[in-house]
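All remarks here apply to the structure that follows.
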Amino acid sequence: MSCSKDKFIRVWDLETQHCLQIVGGHRSEIWSMDVDPSERFLVSGSADPELQVFRIRQSVEEGEDWSKWDVLKLFGEIPRQSKERVANVRFNRDGSLVVCQVAGKTADIYRVLDETEAARKAKRRVSRKKEKASAKSMIAEENGTIIDPLPVQNLQNPTVIVTDVFKLFQVLRASKKICSITFSPSNPPRGCLATLSLSLNNNMLETYSVDKEKVSKMYSVEMHGHRSDIRSVSLNSEDNLLMSTSHNAVKIWNPSTGECLRTIDSGYGLSSAFVGNRYALVGTKSGTLEIMDIASGSLTEAIEAHAGSIRSIVPIPDEDGTVGARGFVTGSADHDVKFWEYQLVQKSDNDSKQLTVTNVRTLKMTEDVLAVSISPEGKHIAVALLDCHVKVFHMDTLKPSLNLYGHKLPVLCMDISSDGALLVTGSADKNLKIWGMDFGDCHRSIFAHSDSVMDVKFVYRTHYMFSVGKDRTMKYWDADKFELLLTLEGHHAEVWCLTLSSRGDFVVTGSHDRSIRRWDRTEEQLFIEEEKEKRLEETFEADLENDNDYRYGQKDDAPDEGSVGVPGRKTKETVTSADAIMDALDTAEEELKRINQHKMEEQITAKAAKFQPNVIMQGHSPSDYVLNVVSSIRPNDLEQALLALPFSDALKLMSYLKEWSLVPSKVELVCRVCLVLLQTHHNQLTATPAARSLLTELKDILYCRVKECKDTIGFNLAAMDHIKELLALRSDAPFRDAKAKLMEIKKEQSKRSSSRLDGDEKRKKKRKKASAES
């Protein structure tokens with residue numbers, strides 16, 4: 001069974017792979033359906049105010065009221081409690097319960113009664129109806145009116161209807177919007193009918209127990225995942241701790257096992273960094289710098305560092321490139337870049353020393369600071385501003401070194417390679433720009449993502465880099481060759497941030513879908529050409545989907561009644577076929593020029609060199625070579641390949657049609673090519689003087705050739721009909737019964753052969769007896 005937004009349910013035969021039945025009845029899109037384990041009922045839900053229940057045919061002999069090919073039959077409709085559309089319909093393990101989850105906070109639970117309980121309920125329903133009818137008849141007799149009594153058959157053998165089988169049992173109300181729901185496959189606890197698990201849109205998991213009286217919450221998973229977007233992720237120097245920030249919490253993870261080690265309440269964290277393995281720094285949207293103790297999982301100090309949101313926290317590396325204890329830099333929307341140093345302070349005699357920070361320098365900027373990056377040796381600091389510029393300063397003197405501009409929209413992220421030679425910037429204009437740190441020249445501008453680039457990082461000791469964007473993808477680049485190596489998909493929403501391990505063996509990304517994903521480097525070899533081919537195929541599929549979005553078109557663009565569109569679709573094969581036709585036309589044109597030039601040389605000089613044909617043409621003439629290429633294209637791809645030809649190549653191809661039409665077996669191909677090219681380039685052909693004479697010649701020739709083929713086919717059909725009549729006259733049975741006649745002949749032959757075998761066995765027995773007597 002399958003359901004769709006076309007409001008239909010279809011029944012498919014998996015062996016013959018065709019549709020057996022199409023079931024209608026819903027007035028809106030069908031979003032979900034399910035079949036009970038015993039395969040008695042199918043329940044489907046849409047935006048309609050009721051669920052539809054269908055009976056499933058158990059056997060071919062079942063019931064006389066079933067049609068021959070029907071598998072589903074409407075049993076009835078169940079009214080729903082909520083007005084929102086159905087999102088999910090699921091039966092439990094034994095089929096005694098069915099839950100209907102809507103696109104909101106509620107889920108209706110229905111009890112499914114067995115046959116005996118349903119029959120008992122039907123009898124009670126009929127008896128109640130009988131009592132009401134008798135009461136009405138008594139009142140009617142007093143008034144002098146007559147009411148028809150209920151049929152006796154309905155009283156003795158009441159018909160079971162859908163409300164006798166499906167009964168509203170409980171209504172589950174969750175705290176947040178329900179994303180998905182399922183019954184537990186294991187046995188429920190004692191006293192419970194079933195257990196339900198929900199996933200909520202705030203990334204929580206809840207489990208409920210369903211009993212006869214109420215639905216109660218048993219468990220909930222609240223602490224492990226974030227409740228909102230993950231805005232920053234960072235790894236410590238040993239790559240064994242991962243920190244992620246969101247709107248109200250900071251979480252510390254083990255990146256190897258995925259286990260959540262600590263959850264610390266905080267503000268809306270936009271940036272983060274580790275200080276060794278004990279402390280962590282978080283920059284919030286309100287401008288507060290929070291210092292957290294990882295071991296105790298507590299906030300030790302909150303400093304009002306900036307008046308605007310802190311977009312970047314970057315540790316200052318040592319001269320050897322390692323992250324040391326020199327301090328860190330913060331960049332904020334209040335136009336300031338501040339330099340901080342670490343200090344260990346003991347607040348009282350009984351307390352241990354705690355980490356604190358002090359501001360030592362401030363670099364004033366003219367615009368909001370969106371991103372900050374420091375070179376690995378700590379010589380330069382790059383600052384990205386809201387005015388789309390990136391300014392590079394010397395770290396010691398804070399004097400300007402470079403001013404990089406070229407992005408059309410603000411730079412949101414950047415990074416400097418480990419050797420300090422390259423700076424990469426990612427912008428809201430969807431581009432990555434690679435700059436040289438020596439002169440500030442732009443090496444290359446790459447259209448990287450289909451939406452804003454949110455983060456970019458170099459792999460340590462290489463010029464490879466990773467970038468993420470709002471298009472839900474992560475991409476792997478070679479900054480030296482400016483090539484896209486790999487596109488990684490997995491997130492279901494915008495990817496906000498990424499971080500790399502120190503060895504580059506894994507990448508961690510955080511997304512708007514509230515998930516953190518770890519991507520590991522494998523030992524498999526990467527072939528760039530294969531990846532390019534995959535991306536090319538995906539591009540064609542995307543173009544096809546875009547075409548399908550407008551496949552119905554406007555009413556004026558719809559074809560006339562009885563006409564159809566071009567069969568087939570644009571694929572990699574059709575584009576390759578179009579390229580092959582164009583290459584063949586160019587090769588044939590060059591060969592014709594060489595032939596004409598050789599003829600002129602023969603006329604001028606008596607001793608001209610012998611003509612050497614092109615090896616690619618394999619001894620064919622230019623016309624035959626092009627004809628072989630066109631004939632080798634699959635018929636399904638031919639029309640799409642011809643549609644991809646430009647007008648100049650289409651005109652060249654039409655010049656060969658006159659010669660090809662002389663080949664009897666190619667008349668159909670010639671007519672097909674001519675028809676597609678005429679329909680595609682009709683306006684240009686009629687406006688081109690050189691094409692008019694060609695079209696006039698083709699009109700007369702093709703008409704005659706098609707008429708000859710038609711006469712030949714007609715003659716052959718008439719001859720076959722004549723042979724059929726002759727065979728029918730000579731035979732005892734009609735020609736259409738030849739198969740039956742053949743089977744009869746085979747049976748007679750088999751009988752004769754069996755009788756011969758029996759006679760041979762009898763003779764052998766007689767000979768044995770005679771030899772024994774002698």
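The backbone N, Cα and C atoms fix where each Cβ goes, glycine too.
TrEMBL entries are annotated by machine, without manual review.
The compositional bias 'Basic and acidic residues' feature in TrEMBL is assigned to 548-557 (among others).
Not one residue of the same chain 6+ positions outside the compositional bias 'Basic and acidic residues' (744-762) places its C-beta atom under 8 angstroms from a C-beta of that stretch. For 744-762 (among others), the entry in TrEMBL reads compositional bias 'Basic and acidic residues'.
Annotated compositional bias 'Basic residues' per TrEMBL: 763-774, in sequence order. Sequence-remote contacts of a segment are chain residues at least 6 beyond its ends whose Cβ falls under 8 Å from one of its Cβ atoms, and the compositional bias 'Basic residues' (763-774) has none.
What TrEMBL lists as domain 'Small-subunit processome Utp12' is 623-724.
Residues annotated as region 'Disordered' in TrEMBL: 548-569 (among others).
The region 'Disordered' feature in TrEMBL is assigned to 744-774 (among others).
In terms of DSSP helix, strand and coil, the repeat 'WD' (1-22) has 0 helix, 12 strand, 10 coil. Look at TrEMBL and you will find 1-22 (among others) tagged as repeat 'WD'.
Annotated repeat 'WD' per TrEMBL: 23-57 (among others), in sequence order. Sequence-distant contacts of the repeat 'WD' (23-57) (same chain, six or more residues past either end, CB-CB distance under 8 Å): 1, 3-11, 66, 70-80, 83, 85-91, 93-95, 98, 100, 112, 162, 165-166.
Taken from TrEMBL, the feature repeat 'WD' applies to 223-263 (among others). The predicted model assigns the repeat 'WD' (223-263) a mean pLDDT of 91.
Annotation source TrEMBL lists repeat 'WD' at 404-445 (among others).
Annotation comment: TrEMBL describes 446-487 (among others) as repeat 'WD'.
The repeat 'WD' annotation in TrEMBL covers 488-520 (among others). Sequence-distant contacts of the repeat 'WD' (488-520), counting only residues of its own chain at least 6 positions beyond either end whose CB sits under 8 Å from a CB of the stretch, comprise 203, 225-235, 237, 239, 242, 244, 246, 253, 255, 258, 451, 454-455, 457-462, 464, 466, 468-476.
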Task: Summary of DSSP states over the compositional bias 'Basic residues' (763-774), given as helix, strand and coil counts - done: 11 helix, 0 strand, 1 coil
Task: the repeat 'WD' (446-487) - residue tally per DSSP class, helix then strand then coil - done: 0 helix, 25 strand, 17 coil
TODO: Sort out the residues at least 6 away from either end of the repeat 'WD' (404-445), same chain, that have Cβ-Cβ distances under 8 Å to it, and list them.
DONE: 321, 370-371, 373-377, 379-380, 382, 384-392, 451-458, 460-463, 465, 467, 469, 477, 479, 482
Task: Structural state census, the repeat 'WD' (488-520) (DSSP three-state) - done: 0 helix, 19 strand, 14 coil
Open item on the list: Based on DSSP, tally up the residues of the repeat 'WD' (223-263) by helix, strand and coil.
Closed with: 0 helix, 19 strand, 22 coil
